[in-house]
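Student: Here it is, the structure in full.
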Amino acid sequence: MVIGDGVLTPAMSVISAISGIKTDAENLTHDWVMTLSCVILVGLFALQYAGTHRVGFLFAPIVVIWLISIMLIGLYNTIIWNPKIVYALSPSYIVKFFKETGKDGWISLGGVLLSVAGTEAMYADLGHFSACSMKLTFAFLVYPCLVIQYMGQAAFLSKNIECATNSFYSSIPRRVYWPVFVIATLAAIVGSQSIITATFSIVKQCNSLGCFPRVKIVHTSKHKGQIYVPEINWILMILMLLVAVGFQDTTLIGNAYGLSCMTVMFITTFLMTLVIVFVWQRSLIVAASFLLFFWFIEGLYLSSAAIKAPQGGWVSLLFSFILLIVMLVWHYGTRKKYKYDLHNKVPLKWILGLGPSLGIVRVPGIGLIYSELVTGVPPIFSHFVTNLPAFHNVLVFVCVKSVPVPYVSSNERFLIGRVGPRPYRMYRCIVRYGYKDTHQDIGNFEELLIKCLAEFIQMDSVEPQLPTSESPSLDGRMAVISTKLHPNSSFIISDDDFETCSTIESSKSLTLQSVGSSYDDANPENKKRRVRFNLPENPGMDPEVRDELLDLAQAKEAGVAYIMGHSYVKAQKSSSCWKKLVVDVGYSFLRKNCRGSAVSLNIPHISLIEVGMIYYV
C-alpha cells in the first residue's frame with residue numbers, strides 16, 4: 001500500500017495544486033491543467049537520478065513557509081468571515097454532527113480523512129531525523145497550522161457556500177493569490193518527493209530481506225538513505241501518468257489515495273501492538289487496549305473509505321495486490337531454492353575422504369565460492385569439480401546475509417571459521433549486512449577478507465577451544481573477526497603503488513597479467529587499489545601457522561576468483577499446476593528480469609566464474 005502511495009500521492013498533490021490556477025485564470029481549460037500537471041510530474045521523476053542532496057536544503061524552508069502561509073490565511077478568514085468558528089474545536093460538535101447526519105456523516109469520513117492524509121509522510125523521514133524532532137514538529141507546527149487553516153476555510157464557507165468545490169483557493173485574498181499558488185505547487189512537489197524517496201527506501205529494505213526482486217540501487221549522496229532505484233522510478237512514473245490521465249479527477253484519485261492511507265494506518269496499528277508486546281515487553285492488556293481503541297476509530301474511517309472502492313478506490317487495491325503477488329512469488333521461489341541447497345549439501349566426510357588435495361589439481365589463487373548456506377558445502381562446489389577437476393589452493397565459502405537490523409558494525413561484519421582440517425586450506429566466511437547498509441567496494445572487501453582470514457589463522461593456533469586438525473568437528477565453529485588489524489598481527493600490509501619489491505612473487509603468467517592490465521585500462525571505474533600482504537621474519541611463530549599464512553599471501557598475489565551458481569529453478573514434474581505456474585512462469589520471469597547476484601555484489605566480470613545448475617524444487 002505504501003509503494004502504491006508512491007503512485008497516487010504525486011498525482012493527487014500536484015494536480016490539486018495546479019488546479020487552483022483556474023480560480024484566477026477562468027479561461028484555462030481542464031486539459032491545459034492536466035497537461036501542465038503531467039509535465040511537472042514527469043520532470044519530478046526524471047530528476048530523481050540526480051538525488052536530492054543538491055536541493056534538499058530548500059525542502060524545509062518551502063514546507064515551513066507553506067505551513068505558515070496557510071495558517072495566516074486561515075487566521076485571516078476566521079477573523080474576517082466568522083470568528084465564532086473557534087467554538088468548533090469542542091469535541092461535542094462531532095457528536096452533534098453524527099446525530100444530525102447519520103449514515104451520510106459516516107460516508108463523509110472518507111473525505112474528512114483527506115484533510116490529514118499526507119501529514120503521515122513526514123514520518124517516512126524517521127531514518128534521517130530523530131523521533132523527538134518528529135513529535136515536536138508535528139505537535140507545534142504541522143497540527144496547529146492545519147487546524148487553523150481548516151478553521152479559516154469553514155469560516156469562509158459559512159458565508160460563501162457556493163465556493164465549496166474549490167474552497168481553499170477561493171478563500172485566498174486576491175493580493176497574495178499568486179505567491180500562495182507558487183508556494184503550494186512547490187510544497188506539492190516536496191511532498192511528492194518525500195513519498196517517492198520513502199518508496200525507494202522500502203524497496204531497498206524489502207530487497208535486503210529477500211522479499212523483493214533484486215533491483216539497481218544507486219546512492220546519490222554520501223549520506224545514508226539517499227538512494228535512487230531506476231526501475232522503480234520509471235515504473236512509478238508510468239503508473240502515475242496512467243492514473244492521472246485515466247481519471248483526470250482528483251475526487252476519484254482521492255478515493256484511491258484515502259483508502260491506501262487508511263489501510264496503511266490500520267495495519268500499522270496492528271504491527272505497533274506487536275512492538276508493545278514483544279519489544280517493549282508490556283502486558284497483553286495494555287496492547288489489547290491500544291489496539292481496540294485505535295482500531296475502533298480507524299475502522300470507522302477505513303469502512304467509509306472502503307465503500308468508495310468502485311469510485312476509484314479499486315486502483316490502490318489493484319496496485320497492492322500486484323505488488324503482493326510479486327513479493328510472495330519471489331519469496332517462495334527464493335526459499336525453495338535455499339531449501340534445495342540445504343538438503344543437497346556435499347557431505348564433509350566425502351570431502352575429507354579425498355585428502356588435502358580433494359582428489360583434484362590445486363592451482364594458485366583464492367576461490368571465493370558464494371552460497372546462501374551458513375553451514376556445509378554447497379552443491380555447486382561438487383558440480384564444479386566434477387566437470388572441471390581443478391580448484392584453487394585456498395577455498396573460502398562466502399555467505400552474504402542481510403540481518404533484520406538497520407546497520408551492522410564493521411567490527412562485527414565478518415564471521416570466520418574453518419572447514420575441515422588445517423592442511424585443506426578451506427574456510428568459511430559469513431558477511432553480515434543490515435538492511436540499510438551499503439555493500440562494500442569489492443577491492444576493499446578482498447582486503448578486509450584477507451585480513452580477517454589472517455587474524456583467524458593466528459587466533460586458531462592459540463585458542464584451544466577452536467577446532468584443530470585433530471578435532472572431531474568437521475565444520476569448525478565461527479568466530480567474529482574485527483576488520484581492524486591487530487597490532488601484533490604477523491601480516492604487513494602495503495599499498496602496491498608504493499611497494500617496489502615484494503617477498504612474494506606473483507604466480508600469474510605474463511599473459512594473464514597482460515589481460516588483467518588491459519581490462520583495468522578499459523574499465524577505469526573498476527580499477528581497484530592493489531594491496532600486498534607480506535610476512536616478516538618471526539622465529540617464534542609456529543611453522544604450521546607461518547606456512548598457512550604464507551599460502552594465503554601467495555594465493556592472494558596469484559589472484560582471487562569468484563565462483564557463483566547460475567541456477568535455473570524448475571518445479572518437479574509431480575508438482576501441482578499452481579506450483580508450476582508460480583515457479584516455472586512467475587519466479588523464472590522475475591529472475592530473468594531482475595539484476596543478477598554478481599552485479600548486486602559488484603563482482604568484476606573478469607574474475608567471475610558461473611556454474612550452471614538446474615534446481616528441481
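Keep in mind that glycine also has a Cβ here, set from the backbone N, Cα and C atoms.
Here the structure is a predicted model, which means the values were calculated and not measured.
Pulled the feature table from TrEMBL, pasting it below:
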type     : residues : note
DOMAIN   : 1-352    : domain 'K+ potassium transporter integral membrane'
DOMAIN   : 364-615  : domain 'K+ potassium transporter C-terminal'
TRANSMEM : 32-50    : transmembrane segment
TRANSMEM : 57-81    : transmembrane segment
TRANSMEM : 136-156  : transmembrane segment
TRANSMEM : 176-204  : transmembrane segment
TRANSMEM : 225-245  : transmembrane segment
TRANSMEM : 257-280  : transmembrane segment
TRANSMEM : 287-307  : transmembrane segment
TRANSMEM : 313-330  : transmembrane segment
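Give me the lay of the land around each of these features.
Tutor: Beyond the transmembrane segment (136-156), the same-chain residues lying 6 or more positions past its ends with a Cβ under 8 Å from any Cβ of the stretch are 64, 67-68, 70-71, 73-78, 80-83, 85-86, 88-89, 115-116, 119, 122, 163, 167-168, 170-171.
Long-range contacts of the transmembrane segment (176-204) within its own chain (CB-CB distance under 8 A, at least 6 residues past either end) are made by residues 2-3, 5-6, 9-10, 13-14, 16-18, 20-21, 23-24, 40-41, 44-45, 48, 52, 59, 62-63, 65-66, 69, 73, 118, 121-122, 124-125, 127, 169, 212, 215, 217, 225-229, 232-233, 236, 435-436.
Only residues 6 or more beyond the boundaries of the transmembrane segment (257-280), in the same chain, are considered here, and those with a CB under 8 A from a CB of the stretch are 1-2, 4-5, 8-9, 12, 110-111, 113-114, 117-118, 120, 286-288, 290-291, 294-295, 298-299, 301-302, 305-306, 308-309, 313, 316-317, 319-320.
Sequence-distant contacts of the transmembrane segment (287-307) (same chain, six or more residues past either end, CB-CB distance under 8 Å): 106-110, 112-113, 255, 258-259, 262-263, 265-266, 269-270, 272-273, 276-277, 313.
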Student: Checking distant contacts: for the transmembrane segment (225-245), what same-chain residues at least six beyond its ends satisfy Cβ-Cβ under 8 A?
Tutor: 6-8, 10-11, 15, 34, 37-38, 41-42, 45-46, 48-49, 51-53, 127-128, 196-197, 199-201, 203-204, 215-219, 253, 256, 315, 319, 436
Student: State the residues, same chain only, that lie 6 or more residues beyond the ends of the transmembrane segment (313-330) and have a CB under 8 A from a CB inside it; answer 'none' if no residue qualifies.
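Tutor: Sequence-remote neighbours of the transmembrane segment (313-330) are 1, 3-4, 7-8, 206, 210-213, 239, 243, 255-260, 263, 305-306, 582, 586-587, 590.
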